[in-house]
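K.L.:
First, the structure itself, so that you have it in front of you.
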Amino acid sequence: MNIIEVEQLRKEFKVHRSRSGLVGAFRDLWTRRYTTVRAVDGISFAVKRGEIVGYIGENGAGKSTTIKMLTGILTPTSGRIVVNGMNPHQEREKFVRTIGVVFGQRSQLWWDIAVQESFRLLKKVYRVPDEQYDRHMGEVIEMLEIGSLLDKPVRKLSLGQRMRCELAAALIHNPPLLFLDEPTIGLDVLVKLNIRQFLKQLNERYGTTILLTTHDMSDIEALCERVIMLDEGKIIYDGSLETLKEKWGQGKRVAFTFAEATAAPPLQELTVGLDVVWKKGEQPNIWVAHVPSGGVPEVVSRVAARYPLQDIRIYEASTEEIVRHIYEEGAVHG
Amino acid sequence: MFYVSVFVQYMGQYMKTKLQYRADLFVEWLSDLMAQAVNLIFLLVVFSHTPLLHGWSRDEMLFIYGFFLVPYAVFAAFFNLWDFNERYIVQGEMDRVLTRPVHSLFQIILERMELESLLGAVPGLVIMVYVGSRLSLSFHWYDALMFILLVVGGVLIYAGIFISLATISFFADARTSIMPMMYNISSYGRYPVDIYHRVIRYILTWVLPFAFVGVYPASYFLRKEEWYGYAFFTPVVGALFFAIAVMLWNAGVRWYRGTGS
């Protein structure tokens with residue numbers, strides 16, 4: 001069952017273009033020139049219940065705008081959105097009770113009061129019955145290990161502690177769908193791990209559907225089976241992380257450290273018939289073979305049989321590199 | 001009903017927050033009271049030089065001012081909207097507000113309330129009792145209800161005007177200096193309107209009805225029967241302006257959600 005359905009979603013902003021100079025400023029007073037910017041340009045996708053989807057893209061690709069439309073903050077210019085069976089911007093107050101939202105750069109909690117008091121206010125705002133609150137939040141608090149923080153005011157928490165409390169706050173009403181916008185921004189590795197683990201547990205135990213945006217590819221690798229990649233307001237990839245890696249990972253690099261300095265021609269001759277490109281390494285006795293995935297064992301065995309070797313290292317392109325590469329190319333072909 | 005219980009909950013949290021900083025709270029009260037006292041002395045000095053103005057005696061003018069302080073204090077306690085643009089639009093807190101299942105204006109009022117401003121009503125009440133006894137005004141039991149009704153009307157007028165002003169922030173991204181200007185204009189309502197030019201009187205009655213927060217309702221208690229019509233009209237004007245403000249607000253939110261920030 002689809003929990004999010006988006007069809008031909010489009011959002012345009014009118015941006016005021018200011019003219020340069022003092023004269024320009026005066027002219028701006030009378031006639032303003034606007035350009036229409038398509039922040040989100042006709043995207044369509046669907047998310048099933050229980051999925052964890054990574055929504056990635058460069059700054060300004062339209063991620064935040066999409067999230068704001070999905071959470072009912074912004075009204076789309078055109079297109080159809082159905083989230084949790086509702087139209088987010090039309091039935092806002094009813095709709096938001098079925099979602100949880102965490103903006104990594106913005107706090108849900110009240111600065112001056114203890115964390116549990118913030119929770120209590122939110123519990124009231126979301127009309128959560130006591131019994132449901134105690135049961136559900138008890139588990140959430142335990143999973144996030146924030147029991148000892150509950151009586152501290154938010155201003156005294158570290159960023160990592162605060163972020164965990166933010167997550168708990170977004171889950172007070174046990175929403176079936178959770179939006180996370182940059183949830184791990186600025187956090188240290190341990191807190192990141194803790195949060196990822198929590199999100200996984202949440203997903204497994206409650207079947208919570210999670211849509212997250214992040215710049216940290218390790219978040220995506222740890223959590224998401226599926227990624228949606230956005231560039232200039234359009235979806236350029238929607239599918240599993242594995243496929244993305246296989247198709248655009250551009251194989252592997254094998255660095256051979258030979259016992260003696262070698263030249264390119266004999267090496268090329270050695271790997272004739274295989275789709276291998278040789279490149280010079282940092283030292284005269286190091287050569288790097290760019291090998292398509294699957295071809296590594298054959299190359300290694302041929303080279304090792306012919307030359308005495310000191311070392312072999314195999315590198316795989318990281319998701320980060322793959323993603324960067326895709327952005328540089330502009331779009332995913334195929 | 002739900003809104004009332006949310007309101008009570010917020011109020012409780014507000015108290016707790018304030019009680020956390022006991023010393024702070026004490027100093028704040030003290031400075032507030034001192035400011036009010038200075039204000040009071042200043043008024044007495046000013047009014048002591050103007051014994052009679054257009055048929056209004058010094059004591060009557062003081063009474064009007066005293067009355068004005070009460071709705072103003074209530075307004076200041078609950079409608080703390082002067083930095084709305086900065087806080088909610090520029091810093092983007094509005095997005096968070098819109099992800100919660102309660103009306104956005106109500107949430108902002110709750111988040112921004114400053115209950116200690118209610119103290120400002122104390123000097124107002126003191127003035128009214130003091131001047132009232134000097135003028136030997138008579139009170140009936142129903143005057144208490146009348147008082148509440150007129151105060152609420154005044155609060156709604158103030159709230160209506162300042163909510164409408166805050167709404168501008170949704171449409172224009174630049175900061176405006178209208179807010180401080182309006183605070184200045186609002187002070188004209190504290191004085192008898194018939195001392196002003198016709199045009200100003202008209203504006204203070206029908207366009208920016210600040211006269212309904214000071215002179216008109218106060219004249220009911222001063223038993224100035226020629227103004228009774230206006231006095232009784234106060235709650236109606238209040239309800240009207242507040243309703244318009246809420247409509248404008250909703251339109252503003254719709255616009256904001258269409259354009260983003």
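Using N, Cα and C of the backbone, Cβ positions are placed for all residues, glycine too.
Straight out of TrEMBL:
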type: TRANSMEM; residues: B:25-50; note: transmembrane segment
type: TRANSMEM; residues: B:62-82; note: transmembrane segment
type: TRANSMEM; residues: B:115-132; note: transmembrane segment
type: TRANSMEM; residues: B:144-172; note: transmembrane segment
type: TRANSMEM; residues: B:199-221; note: transmembrane segment
type: TRANSMEM; residues: B:227-249; note: transmembrane segment
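What's the neighbourhood like for these features in this structure?
P.N.:
Long-range neighbours of the transmembrane segment (B:62-82) within the same chain, counting only residues 6 or more positions beyond its ends whose Cβ lies under 8 Å from a Cβ of the stretch, are 43-44, 47, 56, 108-109, 112-121, 123-128, 131-132, 135, 150-155, 157-159, 162-163, 165-166, 179, 189-192, 213-215, 217-219, 221-222.
Nonlocal intrachain contacts for the transmembrane segment (B:115-132), taken as residues 6+ away from its ends with a CB within less than 8 angstroms of a stretch CB, comprise 11, 14-15, 18, 25, 28-29, 32-33, 36-37, 39-40, 59-60, 62-63, 65-70, 72-74, 76-77, 80, 139, 221.
Listed as Cβ neighbours of the transmembrane segment (B:144-172) (distance under 8 Å, sequence separation of 6 or more from its ends, same chain) are residues 68, 70-72, 74-75, 78-79, 81-82, 84-85, 88-89, 105, 178-179, 182, 186, 208-210, 212-214, 217, 220-221, 231, 234-246, 248-249, 251-253, 255-256.
Under 8 Å from some Cβ of the transmembrane segment (B:199-221) lie the Cβ atoms of residues 63-68, 71-72, 128, 132, 137, 139, 143, 146-147, 150-151, 153-154, 157-158, 161, 182, 185-193, 227-228, 230-234, 237-238, 241, all in the same chain and six or more residues away from its ends.
For the transmembrane segment (B:227-249), the residues of the chain that approach it from at least six positions outside its boundaries are 104-105, 149-150, 152-157, 159-161, 163-164, 166-167, 205, 209, 211-212, 215-217, 219-220, judged by C-beta separation under 8 angstroms.
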